Amino acid sequence: MARASLIQPGLWALLLLQAVGPAVAAKLNIPKVLLPFTRATRVNFTLEASEGCYRWSSTRPEVASIEPLGSSEQQCSQKAVVQARLTQPARLTSIIFAEDITTGQVLRCDAIVDLIHGIQIVSTTRELYLEDSPLELKIQALDSEGNTFSTLAGLVFDWTIVKDTEANGFSDSHNALRILTFLESTYIPPSYISEMEKAAKQGDTILVSGMKTGSSKLKARIQEAVYKNVRPAEVRLLILENILLNPAYDVYLLVGTSIHYKVQKIRQGKITELSMPSDQYELQLQNSIPDPQGDPARPVAVLTQDTSRVTAMQMGQSNLVLGHRSIRMQGASRLPNSTIYVVEAGYLGFTVHPGDRWVLETGHLYAVTIEVFDRSSNKVYPSDNIRIEAVFPAEFFEVLSSSQNGSYHHVRAIQSGQTTISASLTSVVDQDGGVHVLQVPVWNQQEVDIHIPITLYPSILTFPWQPKTGAYQYTIKAHGGSGNFTWSSSSYMVATVTVKGVMTTGGDTGLSVIRAHDVQNPLHFGEMKVYVIEPSSMEFAPCQVEARVGHTLELPLTISGLMPGGSSEVVTLSDCSHFDLVVEVENQGVFQPLPGRLPPGPEHCSGVKVRADAQGSTTLLVSYTHGHVHLGAKITLAAYLPLKAVDPSSVAVVTLGSSKEMLFEGGPRPWVLEPSKFFRNVTSEDTGSISLSLLGPPASRNYQQHRVLVTCQALGEQVIALSVGNRPSLSNPFPAVEPTVVKSVCAPPSRLTLMPVYALPQLDLSCPLLQQNKQVVPVSSHRNPLLDLGAYDQQGRRFDNFSSLSIQWESFRPLLASIEVDQPMQLVSQDDGNGQKKLHGLQTVSVHEASGTTAISATATGYQQSHLSAAGVKQLRDPLVPVSASIELILVEDVRVSPEEVTIYNHPGVQVELHITEGSGYFFLNTSTQDIINVAYQDTRGVAMVHPLFPGSSTVMVHDLCLTFPAPAKATIHVSDIQELYVRVVDKVEIGKAVKAYVRVLDFYKKPFLAKYFTFMDLKLRAASQIITLVTLDEALDNYTATFLVHGVAIGQTSLSASVTDKSGQRVSSTAQQIEVFPPFRLIPRKVTLIIGAMIQITSEGGPQPQSNILFSINNESVAAVSSAGLVRGLMVGNGSVLGVVQAVDAETGKVIIVSQDHVEVEVLQLQAVRIRAPITRMRTGTQMPVYVTGITSNQSPFSFGNAVPGLTFHWSVTKRDVLDLRGRHHEVSIRLSPQYNFAMNVHGRVKGRTGLRVVVKALDPTAGQLHGLGKELSDEIQIQVFEKLRLLNPEVEAEQILMSPNSFIKLQTNRDGAAILSYRVLDGPEKAPIVHIDEKGFLVSGSGIGVSTLEVIAQEPFGTNQTVLVAVKVSPISYLRISMSPVLHTQHKEVLTALPLGMTVTFTVHFHDSSGDIFHAHNSDLNFATNRDDFVQIGKGATNNTCIIRTVSVGLTLLHVWDVEHLGLSDFVPLPVLQAITPELSGAVVVGDILCLASVLISLGGVSGTWSSSAGNVLYVDPKTGVAIARDAGPVTVYYEIAGHLKTFKEIVVVTPQKIVARRLHATQTSIQEATASKVTVSVGDRSSNLLGECSSAQREAIEALHPESLISCQLQFKQDVFDFPARDIFSVEPGFDTALGQYLCSVTMHRLTDKQLKHLNMKKTSLAVTASMPSSRTSVEKVGAEVPFSPGLYANQAEILLSNHYPSSEVKIFGAVEILENLEVRSGSPAVLASVKEKSFGLPSFITYTVGVLDPTAGSQGPLSTALTFSSPATNQAITIPVTVAFVLDRRGPGPYGASLLSHFLDSYQVMFFTFFALLAGTAVTIIAYHTVCAPRELASPLALTPHASPQHSPHYLASSPTAFNTLPSDRKASPPSGLWSPAYASH
């Protein structure tokens, strides 16, 4: 019991957590467990939770223990076993608790252990059938109260079969039943039953089976000795045979028909028939009920016992019953029975099998059944003696067989089509053969559709496999059937099929069978096979590989594949047109692969098509790759331009002795694989009259042009032919050959022509002067004209070359125009525009800027002999007849046109004039485009009239027909329809005022039309409603705008739109311009009263909505200041006016305009006195009343001083504390406001009495002048009377009433609503005016009067009793209102909150009270809520009229004002201070890398802390449980702290990138030997000294370590000076870390084990280590300040050992190291015979000391080698090295001879020295090992925080085996504190 009492407090805590904790989804499988008390066995029960992992515990393990099942590493499980452990018979309870290790949720289960009071056997039935499935019997145990035990698992029972004393008729009844074990059956028992059966025990569940028919009794008792007095449970079971009646269903018969019944028995799963009549069973007809029109004396049916046949006699019904012949069995069991209905036939029905659909297929067999139904649609049994006549049309059906009664027919459909089957029930044949014909035969017919079988074409399709699903599609054609099919595929991975029969290949290889099922009968289908095989090879078939540019080549492909099923058979695919081929062209741009593939042909299955885009050759590669399959085929292609004659195109004409270079282009080029096959051939008809030669290199591989030089040697005509191509080859089996021909003409000239040369091509029009005078041409008098001389033959063909002619030039008036000698005629071959080059003789004529007329002539006098000789002309037969030409020139000025550009409106009535001046006077006008404008030239006026025809732009070109000049005069005409209308108007106008609207009409180019066109457009401006009026103004803003005046006449919103009528009569409207007529703009409040330092926000009403922008200003800035948001702050006593201006921006000009304005008077004053605003001074006990402080006038509300800075403090008191309670306004939610916010309080009446309520208002800073006369405080006091509520003392009953305000209503509800009939009545007398009214539904309505009425409520109960309630209804005016707030806030350690948490949502409820303080049940107040500013809280309407919702959004003080609109006296003020609820307070910005320990005192009602979250986890990650936050990236973030279902607060944090990251070396005074090789560098991220912000709890510190913040930084190290040839990372390693104690990041630097080479190099030169830190994730540059860490590699000796002898008694050794080590270096010898002295000290680079080592005793070593050691040590760093010293004594064996000893003696001497040296080395090694274990044994060291190598003697035991030098620490009495740095403790010195 003592132990139990110790557990109780924890239990109550767990119970409390469970009671108040939030509801979660996890549940236990049972809330209470009832277990039986046992001694011999243990009864178990398994508890299981729905989810989670739990720790289980029991409050009383001695009653019930709990053991987890399958416990995990966290020592938790989802299941546990409860076991009864009670040792004494009693009823005791233990509580089982399960605590979720993740959420802390606690689940409970009560485990009750009690005695079994009684048992009973339960089963699903009490009847068993012989040899049927066994029956399960189970025992239920009950306690003394009748409760059922949860389990009896493990409890042993004795089951026995006893004789049934009641079964008198059964012999040996106890042998009729058998008890089975589950092991003998096929059923799975509970696990504990299996275990008990293995131990030959019986549990609470058994199986029994019937052995023979009869009755048997089964008894079960508890074997446990404690339950020997519990009465055994008994059950009686009946074992029966399983008898069936066939048919077992109800049967419908026609009169005269019969049915044969069978009696069957089920045994061992088989059905056997009993022969009837039987000794055991008999059939009987009972309960014969004839039809009402039938004969009651006759039976409905007759049963023939011998045949078990029932014959229907008349209509009605009768029951057929199978009964026992034995009397004792008749009541013992229930045998089957059937009901027989004798009915009249109603109609016939048809069924067909298979398919049960009357859509058949020719050639198929079908079973047609004709069924008879009565009028109720019951199916009539088809007796053999009915006769149905069926008609199957012979042309459609072949009847194979039919039943005797005609109800069944076996037929075959033989022809397709539509037909009808008919049948009629005609008669019934009795047993004697008599035929009874039905008076009205029953007839029906069935329509049948017969189709031919469905066949699919083709029957087989073969496709290559491709990885892309759906690469191939094929439309399968289906023939036969109804024509409407459903398609299916046997393997959708191989091929799929759509509803239209489109087959699509899948992604696998194999076979798919496609089936088309007839929709009208799915049993009918056709099928075909689709093979998808894997391709194995691919090649191109022989084809043409050369093509003209623009032509297409078809390249056929032959693709083979492997048949599926593992066969190696290779077959050519017949169709691979959709093969997923990759076509690649080596030279891009020559051939373009075309989409699509070639259709399959006899020699190919697919192919690609390419188009020749440009001449050239390329290689085309077609490949296919997927997995292990890679196919490819390559072919070379060539493209060529068509061979054509370029110059001349058909005929070339030259003079004798001239030549023509004929140009041909295109044709096939040399075949790239065999260029030698290329050829060109040129021929002529007569080789003697012309000379032919091919130009260009003959071996060129790039034949794009072919030049043939033709020279005229005799007059006449010749045909010249050129052919180009390649000869056939293996790679080009079908080459292309291109031929072409031209004619060459050699003739004398017959005429010459002279024409002026124009700078630009002119129109094909002649000058009228030229037509009149034939050779008169006007030219400009300012430019030298160029004359073109041309020659023509007799047929009028122009000569291609006439250079062999001799030409003479002449001018008739050289003063106007002359031929200069220095400007001879230039012979130029020019293109005539179609690629033909003709020879032109160009002669320049010099003009002298004078007007007039002159003539120029040219004459061909003969041939030039030099040309004839060069051409090889043999003989000139006829001399040339001279030919000449002349031209007359008129010199004039150039033409001009104006205006040069104009835009006109497309309207028939619009025209524009173009003025044409200067020129020759002969003009031709045309336009650049057709159908845009119509131009008419009036030559008499010199004006061109332009009329618009169609929208667009056109250029009018004025051509001077008689003047050559560079270009015609031009004027650009823009014709445009109306593109859009643009309305510009200010979108806001105050009612009663006006603004101007401007309208422009824009053309296609968004340019405005001239206003003169508006008359053609019918421009109108309209408003959508009548709230504005429009007046057209005559004033013009410019030449493009129409102006209107817009008057606002009514408030609202409307739109303005302008419209015009275009050329076609259609109205074109502008975009509607929204315009708002707004009410006068008003600022609220109309007057502002403030004290100095107080603040209020001015809001507005009216004005445009939404208000785009309001600018506030004040006329007296010394009195008050106003912000852009309208916040007014009092500065000094005085008056001012705040002006609010509503502005808008003009959409077109961008200027700001004033839409409306208003002003508010501001008064800043000092508080002269204060008053307590109390709505009543007499209040009833138990009621509440709000009070607040005001000034002496009504304007001086809490809004005037409640938020002043510096503030006022309010101190409240009462003279009698027991009468009144003073409570803060937020007392109900556990917020205690500071005195600065207590201008409003709640007064609670406690006991009757009279007391004074006093307030003292103090100024925090009297010098601020907030109180009158710089006073320090003001006060006020009122008296309040508290009185008791009237009560009845005798009798002591409560008299309640309904309190309502005038004109309010309430719906009354009772606890009898819906159960009783309620009536309501007001009991006022007839002479009294009713105060309230109530209707029959309980709606109680008060009038405008006040008073008291009595209401009667009567409930008429359904059981006859009436209940009556009389209630007083008081109608009273509202005296005051009071505000309350919810929800209640809870803190962790009952801390007092002083403000609302930031981010919290609270609900304010307004309560209404009468003059006594009672709360109204109904009211009609219309409440308004307002705040003095809107930037700290957000306010909104609540669910009801008397509530509002406020959400705190920023830190600061807001004042809330609530008032009744109709009753100005009903108001209240509440302060709403808002503070952060999340700590810590951050003085500056958070930098990336900072760690915050966030905390909040807020908890849930159950004491559970909330969860943390972050709006941006990538910026600031927050641990949801502990509140640890890590700044990971820069940016703004919001941290949320949420108590689920209660509140949610937040804190806004800005994370910035640190400006710098500073690393500092951490100085430590003492470390252990394990730390001797490491140095730590602290890293400060940002400007703070610590990156850990806030007070961190132990749990938060653990969370920080788990989050690994050090992953945010990385550490780098390098030598400060680059003096080594290896990087610092070869010597040192660095790891980042974070120290929660320091609140800083760390870089731990560790020195590696050094090699001898590294050790030597580090001692030769000196530098330090620079350690820096960075943030890899930083996207901006960050200043990095590194830390300098000095290090020392340790001592190093230039000798590994010293060998001394009597011949060499001394030696030198150098010890290298740092200066600070060497300055205090000490040496110690292991033997007094050996001494070391300093010879030299060098503290430069490198630093070393040279020691002389000598032997003091010359005889040392004479008795044997002397082995010792020198130890060099530094007390500053605890470093030491040991050098072995060996002293040997060597005898001198040299004789006195001149050459010393003999060779033998030298050998002996040498052998002796070698032998001695060997033993000396052995001794030295022994000394080294001894020194190692002596000096380097582990001990506690006082070493600095130094970076040294990791290798220590205990870490590298093999190190000294290869080096005789070792590191030794100094004795403890010589330890010293060295300077901080990095030191090396142990290295070899070689």
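Here the Cβ of each residue, glycine as well, is placed from N, Cα and C on the backbone.
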Listed range which Swiss-Prot flags as region 'Disordered', given the options 417-437, 1257-1277, 1866-1886: 1866-1886
Listed as N-linked glycosylation site by Swiss-Prot, one of Asn337, Asn1135, Asn1362: Asn337
N-linked glycosylation site according to Swiss-Prot, picked from Asn1039, Asn1116: Asn1039
Candidate set Asn484, Asn801, Asn1195, annotation N-linked glycosylation site, source Swiss-Prot, matching residue: Asn484
Swiss-Prot annotation, N-linked glycosylation site - which of Asn405, Asn681: Asn681
Cβ neighbour count within 10 Å of Asn1039 (N-linked glycosylation site): 10
Candidates Asn337, Asn484, Asn681 (glycosylation sites) - the one closest to Asn1039 (N-linked glycosylation site) by CA: Asn484
Residue, out of the glycosylation sites Asn337, Asn681, whose Cβ gathers the largest set of other Cβ atoms within 10 Å: Asn337
Distance [Cα-Cα, Å, rounded] between Asn681 (N-linked glycosylation site) and Asn484 (N-linked glycosylation site): 68
DSSP-derived structure type at Asn1039 (N-linked glycosylation site), helix or strand or else coil: coil
Distance, Asn337 (N-linked glycosylation site) to Asn484 (N-linked glycosylation site) (CA atoms, angstrom): 49
Average pLDDT across the topological domain 'Cytoplasmic' (1829-1886), rounded to a whole number: 38
